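Q: Starting off with a structure, shown below.
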Amino acid sequence: MAIVNENHLKLPGNYLFAEIGKRVAAFKEHNPSADIIRLGIGDVTRPLPMACIDAMHKAVDDMSRIESFKGYPEYEGYDFLINKIVENDYKKRGITVGVDEVFVSDGAKSDTANIQELFGLNSRIAVTDPVYPVYVDSNVMAGRTGEYIDGKWTNVTYLPCTSENGFVPELPKEKVDLIYLCLPNNPTGTTLTKEQLKVWVDYAAKNKSIILFDSAYEAFISEKDVPHSIYEIEGAKEVAIEFRSFSKTAGFTGTRCAYMVIPKELKAYTADGSEIGLNRLWYRRQATKFNGVSYIVQRGAEAVYSEEGQKQVKETISYYLSNAAIIKNGLESIGIKVFGGVNAPYIWMQTPNGMDSWVFFDKLLSEANIVGTPGVGFGPSGQGYFRLTAFGSRENTQAAVERFKTRLKV
Ligand code: PLP
């Protein structure tokens, strides 16, 4: 008899975006003529940079010739891409990362979900709250999170980030082993300064904890004192793994390419206290479970770092950030409190009069025909908040703001 992994059964019902889809479909059925604007799911809409398209066309041709054909790629990624990553994302910022510390992958979702496999089942995890749901759910599946009671897992340490603490998480009272930090944050769009991030690096060093630092939105950072990499903080290479993605940086959500950095100095421990290097452990894991990212896609990602690639990427990011500014300014002009939107493509708004996130979702959908994401879907501290994304077209973004002003009854 095949027995299922019952941890999977513990996951609460509908995945957030499935529930949103269901509600939107029901609304559409009763209001077929409604012109719905979607500022919900965090997917990009602008096409890939031309530099990436050209590089991928060339790579397709390489596959047609015997002398340049490629079979299985390296598990950790091709040198041509890793060298560009090391040079541009790290060396230019004064950070030393070795080529053998970078692991190219098909996405930060799978990386951030899979990394927990390296750690013992008794490891205590901490997550900023609200946050990208993958961190918690992947630990639920592994059996690390305890029971789900009143919207919280009993064995997870939640680090609330709300307007009351300026979205700066406090250090946990109990000792934690793994700390997920997502900066710039999805969903709040907020960040930490170098000084604030240093507090976490110091905590991890003191407690032999590991920080899992997801900077999928790094390309949106526009303010000066915001670190682009956790390795800008002294001592971080001993305590942190960094995740990056080409998805939001260069529109690769459908093309799939990302990478992570696992420094050689980063160690975890066996139960009897022996040090184990995580870099080799991950390499071994990847060699067993992953067969690499396609040559064509890695050539496309490499082109992100070319002169034209950089120019085109910056244009697209600036398009989205202008959308964010339009939403932020528009909502503020009608007295709505908003956060984020400056170093991230997300605007985190407080619901009017502290309304429940899902009640506001239904209200916004029915009165203004706008779809957003209820904050509580990202964690208990998201209650009373709502996420809007800047990934729509300029036209839809402007129209949505106009509808907020004219149709929403608050
Ligand atoms: N990390 C965060 C914080 C995200 O918001 C997302 C996507 O929305 C991802 C990772 C997934 O990235 P990828 O497309 O590289 O899998």
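Placed from the backbone N, Cα and C atoms, the Cβ positions cover glycine too.
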Q: From TYR132, TYR135, TYR158, TYR319, grab the residue that TrEMBL records in the same pyridoxal 5'-phosphate site as TYR72, ALA108, LYS109, ASN186, TYR217, SER245, PHE246, SER247, ARG256, ASN291.
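A: Among TYR132, TYR135, TYR158, TYR319, only TYR132 appears alongside TYR72, ALA108, LYS109, ASN186, TYR217, SER245, PHE246, SER247, ARG256, ASN291 as pyridoxal 5'-phosphate-binding in TrEMBL.
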Q: For the recorded positions TYR15, TYR132, LYS248, ASN291, ARG387, which residues place their CB under 6 A from an atom of ligand 1?
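A: Checking each Cβ against ligand 1, the ones under 6 Å are TYR132.
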Q: Please determine which of the recorded positions listed here (TYR132, LYS248) has the lowest count of neighbouring CB atoms within 10 Å.
A: TYR132
Q: If one measures from the C-alpha of TYR132 (substrate binding site) to the C-alpha of LYS248 (N6-(pyridoxal phosphate)lysine), what distance in angstrom results, rounded to a whole number?
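A: Here the two Cα atoms are 14 Å apart.
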Q: If you count other C-beta atoms within 10 angstroms, which of the binding-site residues ASN186, SER245, SER247, ASN291 is the most crowded?
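A: Ranked by Cβ atoms within 10 Å, first place goes to SER245.
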Q: Could you please provide the mean pLDDT value for the domain 'Aminotransferase class I/classII large' (35-404)?
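A: Overall, the domain 'Aminotransferase class I/classII large' (35-404) comes to a mean pLDDT of 97.
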